[in-house]
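Engineer: Straight out of TrEMBL:
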type	residues	note
DNA_BIND	124-223	DNA-binding region
DOMAIN	2-116	domain 'Response regulatory'
DOMAIN	124-223	domain 'OmpR/PhoB-type'
DOMAIN	364-480	domain 'Response regulatory'
DOMAIN	489-605	domain 'Response regulatory'
DOMAIN	645-779	domain 'GGDEF'
MOD_RES	ASP51	4-aspartylphosphate
MOD_RES	ASP538	4-aspartylphosphate
Amino acid sequence: MRILLIEDDELIAQQIVSKLTHQNYTIDVAADGQTGLDRAADFPYDLILLDVMLSKINGISICRKLRSQVIKTPILLLTAQDNSTNKVMGLDAGADDYLTKPFDLQELSARIGALLRRGNTSSTPILKWGDLSLVPSICEVTFRGRLISLTPQEYSLLELFLRNKQRVFSRSAILDCLWSFEISPGEETVTAQIKRLRHKLKSAGLTENPIETVYGIGYRLKTPKSRKRKTKVTKQPEASSPEIAKQAIEAATVIWQRVKNELDSRVATIEQVAQALCENHLEDELRQQAITVAHKLAGSLGMFDLDEGSRLAREIERILQCPQPLNQEQKQHFSELLMAMQQELAQATGEKLPGILSVDERPFWLIVEEEQILTQQFLRETKNWKIRCEVVPHSKVARELIARKLPEVVLLNLAGRAIADNELTLLEELSACNPPIPVLVLGAKDNLLERVKISRLGGRGFLPQTMSPQQIFDKITQVLQRVQRTETKILAVDDDPLILNTLHQMLEPWGIKVLTLEDSLQFWSTLEAVAPDLLILDLTMPHISGLELCQVVRNDRRWAELPILFLTVHKDTETMQQVFAAGADDYLSKPIVPPELLSRIHNRLERSQLLRARVETDALTGINNRYQFTQELTKLLQLAKRCPQTICFALLNLDSLHQINDRYGHEIGDRLLAHWGRLLQKNFPSEDLVARWGGAEFVVAMYGMTYDEGRSRLSELRETLHQVPLSFSDLRTLTVTFSAGVVQSPHNGTQVQELYQAAKALLVEVKALGSNGIISAKE
């Protein structure tokens, strides 16, 4: 756990650091308000300890600024002012708790523990890995009841992995989590600490190493062998009754039977080859077909933890690839391999079935509705729309369902009542998802303040109760067209449908859209239509191999930088060399381990995004530059023309930037621009286009919005600016204003430059009237 302490009294800071470090917290110290604010905005701390009376910026102002930037880190105020007025001010500013100086360090420790538990509802009193236990409250680690002595860094390292069981940590990420800014060791320190921790755990009696290395990425917590032996069928966290558990087992059995039938049909092809070999009449066409089938079996059997079956299939494939006719010894070996494979399949029960493999391609929408007034009528219509809808009565059930399957959109039916606190919390959680899940509210109470509250927490639209199901469907479709532009898309090419279905199941719950292709001959047209963020290729396929597809992609200027990940049953050095020589970025051996696949995909996407950012991002503000904005808006204009839809285009100009540069210097002006870029990113959802056009000019494009809706968004932005003035350590607070011209496509133009010129003319009018205003072409 990493804590930021913002305290200008060095003696108090030393006492707090000494106490909390002894409890295995990592502490960063900021001696003034400005430094503390910068660190809190730049790094995701678990908790902030904040003194009220600080130099440069006081604690109350820091609290307001962090909350205005939607930074939700728990804040504990430390104040010497023991009166109710100051306490109320602190809590109103967004603090979670306060402690009056002088305070007892034991009480401080208890308050910190309470806030961290409140911020992480999933935390447990004891963290376990098999018979290994870690008790955070007393910083104690035991194995089968025997105490293990660890240094503070070793303890923190073990706690980090136990609290993040599904995550792979790079060495730099571990440094960020466990070492303070004041101490900056190299990555070799992490390697040494992990080596020492492994040695101590082994000396304590652990026969299995809990921390495994993911080569090329970092480290993760290994799944204990005792847990691996548990079957997927019995692990039903959602089964609240025997009847539900029975249904889940029956469903899994049906799925396994379908999978087993497919595997049996593939083995039947191998059996035909064995019969042909006995008759000394193996035709080349059947041999080639069997090679393809054996290759598929090697991959798909491994996916279901039938590792021995996978090995047997690879050996059969190797024998069939032999160019000379098989001799009697090879034929006998072939028959033995086939018999062994048949026995493996006969004994297989499907206990390791990786989730539901029959992928439902229909979009999944979730409706939250107490009375279920809308449900029956809406569900009847969904059959015509080729979507899958599920209805739940309240937010608790919605969370359980979302944990299993992420919906594309959530429809919250309030039926004219006020929104409840638990529904507001659900809204906030869905907006914080990556990617965010859009929420539309049906029948919201006709109250401006309530609607503003819902919008601020991520609501994407309000629908009147009188809307027909078809009108609701049309509105949801419009919202999804805006949102889905930001979705991560992966194109997976493999001639085995079982593996493609498994990739669906593994990746889509993490917000990754997986598009699949079995026929490599259709690759190029599919690539251009999908425009994926990452490409997954099988190594060996009929017609065109994965290596050849990789080379074609690398030789095309448009796709030369596309991240490419290979999946292969081959693990030999020669194959690896061929994969990288063809231009691949990474490879994974089948069977696929879900956490490793996710980590490698995210790793490649992050690197790709860094490279793109150099070309597409304005270095000063961190938002899109004019080039990238023009490219993206051109695509949006084409989409809006087909749908059809409006696009609201706004040109913003920071007032007085020239004067600020002249008076305070360009360094202050640059910091103002950077602050403005962050503010735009916070106040506009990810599906809106935001960019710096040049100088003090910024542009925003809002798909599906009108003049009035765009102007309303900008008015909210102006209100935010007034509430949070910009402060610098060496200056008085600056009050920043902006002017804006608002136009709409197609009414004011259908090309980027046309919209810019129309908005520019309006901006000139605003400046002539004295700046700090917003004018739309509708006025």
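Numbering starts at 1 and runs along the chain as it is shown here.
Every residue, even glycine, has its Cβ placed from backbone N, Cα and C.
Give me the lay of the land around each of these features.
Structural biologist: In terms of DSSP secondary structure, the domain 'Response regulatory' (2-116) contains 54 helix, 24 strand, 37 coil.
Shown for the domain 'Response regulatory' (489-605): DSSP residue counts in helix, strand and coil, namely 55 helix, 25 strand, 37 coil.
Residue counts for the domain 'GGDEF' (645-779) by DSSP state, with H, G and I taken as helix and E and B as strand, are 60 helix, 34 strand, 41 coil.
Sequence-distant neighbours of ASP51 (4-aspartylphosphate): residues of the same chain at least 6 apart with a C-beta under 8 Å from its C-beta are ILE6, GLU7, ASP8, ASP9, GLY59, LEU77, LEU78, THR79.
Residues within less than 8 Å, Cβ to Cβ, of ASP538 (4-aspartylphosphate) and separated from it by at least 6 positions along the same chain comprise GLY299, VAL493, ASP494, ASP495, ASP496, ILE499, GLY546, PHE566, LEU567, THR568.
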Engineer: Looking only at the domain 'OmpR/PhoB-type' (124-223), what are its DSSP counts of helix, strand and coil residues?
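Structural biologist: Breakdown, helix to coil: 37 helix, 22 strand, 41 coil.
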Engineer: I'm checking region-level scores; what's the whole-number mean pLDDT for the domain 'GGDEF' (645-779)?
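Structural biologist: Mean pLDDT across the domain 'GGDEF' (645-779) comes out at 86.
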